[in-house]
């Protein structure tokens with residue numbers, strides 16, 4: 001009975017609670033045993049995007065080398081665009097020699113007009129003047145000789161050589177030649193041969209002006225150094241002006257002088273001439289018709305001229321034939337309408353030059369050239385266009401107006417072989 005009562009009492013007692021720290025340990029161990037491994041969210045996103053990108057590439061219809069080539073091209077284009085933008089925004093272009101000289105001339109002219117406006121401006125003018133002198137030194141220098149033959153009344157001018165000439169062409173060189181004439185009449189002009197791509201050319205050429213000694217004192221000898229340009233107007237590199245009343249011609253002289261800036265003169269208008277060309281390939285016949293001229297330069301004292309036209313036919317630089325029109329008296333707008341025929345085989349027509357010179361007839365002295373032009377081999381501009389139209393239209397006369405140019409410019413263009 002006693003044991004039965006003890007068991008009944010124990011069954012009726014509530015169960016004793018376990019220690020709290022044991023429960024907590026079990027709770028901590030339980031999630032630790034079953035919790036999944038943790039992942040960093042950023043690393044998970046990178047792997048996800050990488051897998052997605054590789055899957056997309058794998059599904060492309062292009063091979064991997066093609067994709068790589070496209071990427072390289074895109075990178076090159078982006079690099080080129082960036083370089084161009086950088087150069088346009090930050091790159092500074094250096095001014096060419098011609099621009100610097102032109103601006104120097106303008107500054108000099110402005111200084112002469114506005115001199116005396118204050119002490120500060122005078123100081124600035126002096127600084128600018130010093131800069132201009134430095135630029136002038138870069139034009140180069142010329143060696144020449146002068147002598148006078150009293151027996152024959154001849155002024156003898158020798159052009160010997162030049163040194164350190166300014167580079168006028170893009171390649172850093174020049175094609176210099178020297179023009180020699182007397183002011184103020186400028187009737188007779190001489191010029192040297194063109195020295196191709198040379199900043200220290202040697203000329204060694206002599207020119208003679210027949211002029212009485214009594215008239216020589218009122219003249220100014222001009223030596224102009226030009227840069228020859230086949231496709232545009234020749235540029236003046238520099239010049240030397242020598243008043244003849246300041247030179248002792250009792251004995252020959254030879255000296256060096258620095259070139260000075262030349263003020264650009266407005267181009268003198270010499271007139272225009274209308275010419276018709278006709279070529280028959282089967283017969284090998286070239287017909288040149290000198291039709292008329294207009295607005296010719298006044299050459300006589302009375303304000304008129306006695307013009308006539310001379311035609312020279314050249315092949316490979318050698319004269320073949322020459323002919324001339326009749327003289328038209330006292331007119332600046334002569335009408336000729338005279339035709340001349342030349343026998344030229346078709347295989348030679350490509351190397352032919354037709355040189356047209358308009359002269360002023362003079363009974364007492366030599367005839368003065370008013371202006372000149374040429375067509376054919378080596379011609380440019382209107383001369384080339386007219387010749388090409390004639391060859392493109394066989395048996396048909398093709399007429400064209402030509403602007404007359406100074407004789408020395410055309411002669412220089414004829415001496416230089418075509419490029």
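Please read every residue number as a count from 1 along the shown chain.
Cβ from N, Cα, C; glycine included.
Whatever TrEMBL says is automated annotation, not expert-curated.
Note that the coordinates shown come from a computational prediction; the quantities given were computed from them, not determined experimentally.
Of the given residue ranges 12-36, 37-61, 62-86, TrEMBL assigns the label transmembrane segment to 62-86. Break the domain 'C2' (269-402) down by DSSP state and the numbers are 18 helix, 67 strand, 49 coil. Taking DSSP states H, G and I as helix and E and B as strand, the domain 'C2' (138-257) has 7 helix, 61 strand, 52 coil.
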